[in-house]
Amino acid sequence: MREKNLHPNLALSGLISELLVYCSNKKYGCPQIVRQDALHGHVLYCSYAPSVCPNKALGCPYKGMLRIFVALMNPMAQAGRTMRDSKEHLQNCVYERFKGYIDSTNKRFEKLESFIAGQSREIEKLQRIIRSGKGVTYTLERGTSEQSIASLGGSLVADEGVNGEPFSSSGGTKRTVVSTFPHDEITCHRTITSHTCGVTSVAVNHDRVFAGAHDGSTKVFDINSGQLLKDLKGHTMSVWGLAVMPSGDRYFSAGSDGTIKVWDWRNEDDAACLVKSIPDHNAKVYGLVVDQGRLYSASSDKTVKVWDTETLECLATFQGHTGGVNCLAALTEASAHQLVTGSSDKTIKLWDVATGSCLKTVRRGTSEVLDVAVGDGMLFGSTYDAVIHVYDINETRELGTLSGHNWEVWQLEYGQGHLFSASFDHTIKRWDPRRFQCDLTLKGHKSFVHGMALDENCLVTGCADRTIKIWR
C-alpha cells in the first residue's frame, strides 16, 4: 500500500510501535533495548525482573531475588529457586496473615460507600420535596413491613434506634415514610394481567383498583398484591365510565350499552352485588363522577344527568351541548360546586351544579374535546389533535398549550401540582403546567391507554393490551 493512502493515525501508530525503549527492569541491571511493541513480552520473561509478593495489590512492598542472580548460581534451578524464594516470603508475609481481614474490611467499605451514596440520593430527593413544599409524610408503627412501605410509594427515613444503630423493621417504635409521589421519578411497580380483553376504564379507592373492560365486565383488585377480589358481569358492551363512593363499598359503571349500573361489590353473593341498572340515557355513557353525594353521568345523547347516590333518583338533566358529552370533572375548589364538561361539539362548558345552568362556554375551534381536568385554578382540556389546552378557570382565558403526544389524548388527571395525560400513542406523560413542559414520560404499555386514575400515592392505567399498571 502506498504511503499516501495510509491514514495519518495508522502511520503515527506504526512509528510509535517501532520506537526503541529500555526494559522496565533497567534499574535492576537489564541492558536490553527493545521495540515498543515488543516491550510487554520481554518484561514477562526478563531475567532481571524481581519476584514480587502475590499480595502486592494489598500493599506488600516485597521484591525477591533477581532472576539473573538465581540463573548465574544455577541456570537449571532458576524457576524453582524463584518459586521457593516467594514461598518462604509468603510464610512470613504480614499481608498474607491479614489477607482475610483486609478483604472483608474492603468489602465493608464498599458496602458502606454504596449505602452512603444511596442515602445521599434520598437526602437530595427529600430536599427537593422540602423546597417545593410538597410531599406526604406517614408515621408507621413498629413492625410495619418493607412491602407496606413500598406500597405507599415512599422513601424510608429511618430514625436511630438504640445506641445509635440504624432503625430496622423489627426494632424501634416509629418509622417515618415520606412519599415522593408524584414529584420524583415514577416507575411501574406492578402489572395486573387478569383480563382477557382490553381494559377500557379504571378507578382507584384506597387500596382497591376497579377496572372496566371491552367484554362488559368490571373487576376489583387489591392494589398491593394484584389479587382479583371480584369479577362482576352486567354490561353487554364496553365499560367506559367508573366512579367509586368515598367509602369504597359501592361503585358505579357505565358504557356503550347506555346503562349505569350500581354495585355493592363486598356482597359475598355475586348475583346480589348488582343493586340497580339505570337505562335513562339514550346513548353511550362515557363518563361518571361522584362528588358530594351526587353522581354525574356524561353521555353521547348530549346530556349530563345528576343522581342521588343513595336513592339513585335522577335529580336533574343538564342540556346545552350540541354534540355528545365525552367527559366531565367536578370542580370542588369553588365556593359553589361546579362541573366541567367536554364535548364533540368542540366546546368546554362550566355548569352551576345547584341550578343546572351553564356559566361559561369555551370554544375549541376545529377539534373535539376528549377529556377535561381541573386543579389549582386551572382548567385542562385535551382535544382530538393531540394537544392539551390550559385555561385560567376563573376567566376561561387560555394560558398555553401542552404538546408532545403523537396521537390523541383520551385521559387527563391532575393532582399535587402535576398533570398526567394518557394517549393512544401508548404513553403516559407528566407535565409541569406552570412551565408548560413535560418532565416525565412513562412507557410500558403496548397499545392504546384507555383508562387512568390518580390517587395520593399512585397512578393506575388501563390499556387495550389487557393490562393494568400501578405506577409509583
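In case you wondered, yes, glycine gets a Cβ from its N, Cα and C as well.
Features of the protein shown, as given by TrEMBL:
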REPEAT    192-231  repeat 'WD'
REPEAT    232-264  repeat 'WD'
REPEAT    278-317  repeat 'WD'
REPEAT    318-361  repeat 'WD'
REPEAT    402-432  repeat 'WD'
REPEAT    442-472  repeat 'WD'
Chain residues outside the repeat 'WD' (402-432) and at least six past its termini with a C-beta under 8 angstroms from it: 132, 134, 182-183, 186, 370-376, 378, 380-390, 438-443, 445-454, 456, 459, 461, 463, 471
At a C-beta cut-off of under 8 Å, are there same-chain residues at least 6 beyond the repeat 'WD' (318-361) that contact it? List them, or none. 283-284, 286-287, 289, 291-292, 294, 296, 298-306, 367-375, 377, 379, 381, 383, 391, 393, 396
Mean pLDDT, the repeat 'WD' (192-231)? 97
